[in-house]
Amino acid sequence: MAFLENGNHTAVSEFILLGLTDDPVLRIVLFTIILCIYLVTVSGNLSTILLIRVSSQLHHPMYFFLSHLASADIGLSSSVTPNMLVNFLVERSTISYLGCGIQLSSAALFGATECFLLAAMAYDRFMAICNPLLYSTKMSTKVCVQLIVGSYIAGFLNASSFLLSFFSLLFCGQNIINDFFCDFAPLAELSCSDVSVFVVVISFSAGTVTMLTVFVIAISYSYILITILKMRSTEGRQKAFSTCTSHLTAVTLFYGTVTFIYVMPKSSYSMDQNKIISVFYMVVVPMLNPLIYSLRNNEIKGALKRHFDRKTFS
């Protein structure tokens with residue numbers, strides 16, 4: 001049943017997701033494409049985690065953070081993609097009330113965790129380039145673990161604000177969501193209760209995560225740029241900058257899509273455009289991160305080559 005009587009309200013027990021399209025042919029095409037992307041996402045990020053674990057050359061803070069970033073990528077993609085794939089194959093795309101809350105909070109958890117991990121990686125690059133003599137002390141195992149744990153705690157707090165706000169909403173029968181997953185904005189539009197407080201809570205939580213991590217990344221790279229420009233050796237400049245290009249690319253992709261979805265005025269783009277950008281943010285970007293780091297990072301390419309050479313000659 002979609003609705004259950006609850007006092008003077010009709011409580012919603014499930015939501016109908018309109019998805020990306022109702023064209024049956026296009027649904028099959030999108031199912032195939034997104035399934036392939038998801039398989040590459042999971043296999044690519046798992047490979048990154050395993051490679052960092054087995055390669056002693058990659059037992060450095062940067063790759064410790066990268067392995068957790070890969071875990072967050074799998075979590076972010078898995079919070080939405082499996083349900084979306086199932087919905088491509090059924091005529092009526094639904095998600096239970098509880099499932100909607102879990103999906104919403106999972107996306108908030110891994111999205112925020114990824115923000116803080118990217119900020120931690122920027123701080124790591126700042127210490128490596130601007131304070132190389134203090135790097136081993138300032139980025140000790142204890143500090144790295146604290147940054148990782150802090151990232152997950154921040155993600156959990158962000159997810160809690162989303163989940164508590166969701167369970168505080170009242171729904172009076174309307175249960176059709178014009179999206180492919182349970183996002184807070186369309187859910188707030190469906191609610192028959194006063195959502196102003198919860199919108200402020202969500203905006204504050206998501207805004208704090210974004211602003212704080214962007215600030216850390218911007219300050220870190222400002223100092224990095226100043227330090228690189230002061231280097232007299234061209235080779236030194238190139239080497240220092242090459243260690244940052246992969247991370248900068250990942251940051252640009254991630255925050256570019258986040259800015260489009262959550263910062264730009266809703267009137268500046270259509271709902272269909274928002275869906276496309278959301279797919280890019282939650283499905284495509286998690287696939288691109290391992291490719292970016294493996295293709296642009298010489299240490300990872302070297303570790304991959306040594307690993308395959310051992311496999312070939314063993």
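Even glycines carry a Cβ here, placed using N, Cα and C.
Taken from Swiss-Prot, the feature topological domain 'Extracellular' covers 1-28 (among others), and the record attributes it to sequence analysis.
Residues or ranges marked as N-linked glycosylation site by Swiss-Prot on the basis of sequence analysis: ASN8.
What Swiss-Prot lists as transmembrane segment is 29-49 (among others). Within its own chain, the transmembrane segment (29-49) is flanked in space by residues 20-21, 66-67, 70-71, 73-74, 77-78, 81-82, 84-85, 88-89, 279, 283-284, 286-287, 289-291, 293-294, 300, which lie at least six positions past its ends and keep a Cβ under 8 Å from the stretch.
Swiss-Prot lists 50-57 (among others) with the feature topological domain 'Cytoplasmic', giving sequence analysis as the kind of evidence.
Taken from Swiss-Prot, the feature transmembrane segment covers 58-78 (among others).
Confidence annotation: the topological domain 'Extracellular' (79-102) carries a mean pLDDT of 92 in the model. Swiss-Prot lists 79-102 (among others) with the feature topological domain 'Extracellular', giving sequence analysis as the kind of evidence.
Neighbour count (other Cβ atoms within 10 Å of the Cβ, all protein chains): 13 for CYS192 (disulfide bond). Under the heading disulfide bond, Swiss-Prot lists CYS100-CYS192, citing sequence analysis as support.
Long-range contacts of the transmembrane segment (103-123) within the same chain: residues 62, 65-66, 68-69, 72-73, 75-76, 78-80, 83, 95, 147-148, 150-152, 154-163, 166, 181-184, 187, 206, 209-210, 212-213, 216-217, 220-221, 247, 250-251, 254, 258, 282, each at least 6 residues beyond the stretch ends and with a Cβ under 8 Å from a Cβ of the stretch. Annotation comment: Swiss-Prot describes 103-123 (among others) as transmembrane segment, evidence class sequence analysis.
Remote same-chain partners of the topological domain 'Cytoplasmic' (124-136), defined as residues 6 or more beyond its termini with a Cβ less than 8 Å from a stretch Cβ, comprise 61-62, 65, 220-221, 223-224, 227-228, 240, 243-244, 247. Positions annotated as topological domain 'Cytoplasmic' by Swiss-Prot, on the basis of sequence analysis: 124-136 (among others).
The feature transmembrane segment is assigned by Swiss-Prot to 137-157 (among others), with sequence analysis given as support. Listed as Cβ neighbours of the transmembrane segment (137-157) (distance under 8 Å, sequence separation of 6 or more from its ends, same chain) are residues 61, 64-65, 68, 72, 108-113, 116-117, 120, 123-124, 127-128, 131, 205, 209.
Marked as topological domain 'Extracellular' by Swiss-Prot on the basis of sequence analysis: 158-199 (among others). Helix, strand and coil counts under DSSP for the topological domain 'Extracellular' (158-199) come to 22 helix, 2 strand, 18 coil.
Taken from Swiss-Prot, the feature transmembrane segment applies to 200-220 (among others).
Residues annotated as topological domain 'Cytoplasmic' in Swiss-Prot: 221-240 (among others). With a cut-off of 8 Å between Cβ atoms, the residues of this chain six or more beyond the topological domain 'Cytoplasmic' (221-240) that come close are 122, 125-126, 129-130, 248.
According to Swiss-Prot, the transmembrane segment annotation covers 241-261 (among others).
Look at Swiss-Prot and you will find 262-274 (among others) tagged as topological domain 'Extracellular', backed by sequence analysis.
Residues or ranges marked as transmembrane segment in Swiss-Prot (evidence: sequence analysis): 275-295 (among others).
In sequence order, PHE15, PHE166, CYS182, LEU187 are the residues of the chain that are 6 or more apart from CYS100 (disulfide bond) and have a CB within less than 8 Å of its CB.
Scored by C-beta pairs under 8 angstroms, the transmembrane segment (58-78) has its highest count with 275-295, from the stretches 200-220, 241-261, 275-295.
Residue counts of the topological domain 'Cytoplasmic' (50-57) by helix, strand and coil are 7 helix, 0 strand, 1 coil (DSSP-based).
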